[in-house]
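S.K.: Have a look at this one.
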Amino acid sequence: MDFASLATEYQEKFDVTPQRVFFSPGRINLIGEYTDFNGGHVFPAAISMGTYAAFSARDDRNFRVYSANVPNAGMLTFSLDDLKFDKADNWANYLKGMLFELAKQNLTIDHGFDLFVHGNLPDASGLSSSASMEMLMGEILHAGYGMQLDEVEMVKVGQQVENDYFGLNTGIMDQFAIGMGKKDQAILLDTNTLDYQYAPLALGDYVVVIMNTKKRRELTDSKYNERRAQCEEALRRLQVKLDIKTLGDLSEDEFDENAYLINDDILIKRARHAVFENQRTLKAFEALQANDLKRFGHLVNASHVSLHYDFAVTGKELDTLVETAWEQPGVLGARMTGAGFGGCAIALVKKTNVDEFESAVGKVYEDTIGHPAEFYVAEIADGPKEIQA
Ligand code: ADP
Ligand code: MG
């Protein structure tokens, strides 16, 4: 998608040409899953698939917004004078939520806009279309309205939209990965401290292939909350003897020596994933820095195994994609990415093997699951930005 195609779509809806066009990426997480709310490390990157929007400022305090991805919602309207969450406002709540949360810091605007949105992220598939939308709004407010807010602060506002405005118990990874995205760089983020470090995603002859299960997510939120509660309970039991703030504070050995304190099969498994995944993420970062792609791939595989057996968030669709990927020539590693239960997985595949990889994995998937998967080669992209005419 480019300026011209967005401008045309905008014009069809609003009868005039838009002033400006903005883009905000989605994200993949290379490794470090379900560690963000456990105060651990994550290692995501922004991708070139994302959310585009054509924008024009208005003179009054109203908004008219339309998304080509949610045509059923039609043209949605709201005003600066009523930014409270309203289910009837559908996806526009992400835009309202940003304004609502920013207003808490006395960051306000005094005129609305007309907006035409068109994204190319598959919907609700674990590539963070919601954070993409939040950070898109952040960029519009920053570049379009001159709102002065540090990037990391804008990232935190995005998280508040999910946590406080929508009431979802999510961590900060998605907004951070998107808001702070850099072309061809992955971001090692310590979700405890928000310290971060870029690492060139120099994969040489390899690319990241995104594999979409195309499975409708069901019960993801309730299972996500259950995992979160399990990790919190395990932490509480460890804290009886240990002076730790999060599971991410523990090394593998410290965990093994103290796991008896948890004293419950399921809770031990959940906590073990959080602790080991955090350490694996640090090792994966080191491996990438050292250009040891083989080791990086093994850690990626180990992450999936842990998410399957200890954390139990994979499911048949993701397991079929990942386990089939492991058997293909030219594959360094593969794992689910995002919250799991459906959504997407990633594989590190040799460029010259990508076509045969997609057809082989695609065939096994369709034969086993009954509907086709989709594949995209991920380009690692910059964070939200304006698209020039
Ligand atoms: P994920 O973030 O994993 O993609 P979520 O359920 O958190 O899934 O967010 C998906 C929601 O974000 C959609 O239901 C919709 O409300 C909103 N959204 C994302 N992208 C768009 C878009 N291009 N147009 C309108 N709404 C969008
Ligand atoms: Mg989301």
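A Cβ is built for glycine as well, from the same backbone N, Cα and C atoms used for every other residue.
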S.K.: Select one of Tyr224, Tyr260, Tyr309: the residue that TrEMBL places in the substrate site alongside Glu33, Tyr34, Thr35, Asp36.
M.R.: Tyr224
S.K.: Check the binding-site residues Thr35, Ser67, Ala124, Ser128, Ser130 for any whose Cβ is under 6 angstroms from an atom of ligand 2, and report them in sequence order.
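M.R.: The binding-site residues passing the 6 Å Cβ test are Ser128, Ser130.
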S.K.: Taking every protein chain in this structure into account, which of the binding-site residues Thr35, Ser67, Ser125, Ser129, Ser130 has the most other Cβ atoms within 10 Å of its Cβ?
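M.R.: Neighbour-count leader: Thr35.
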S.K.: What Cα-Cα separation, expressed in whole Å, is found between Thr35 (substrate binding site) and Asp174 (active site, proton acceptor)?
M.R.: 12
S.K.: Quick check: which same-chain residues outside Glu33, Tyr34, Thr35, Asp36, Tyr224 lie with their CB within 8 A of the centre of the substrate site CB atoms?
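M.R.: For the substrate site the neighbour list reads Gly32, Phe37, Asn38, Val42, Gly171, Met173, Arg227, Ala274, Glu277, Ala339.
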S.K.: Does anything in the same chain, at least 6 positions from Gly126 (ATP binding site), have a Cβ under 8 Å from its Cβ, and if so what?
M.R.: Met336, Thr337, Gly338, Ala339, Gly340, Gly342, Gly343, Cys344
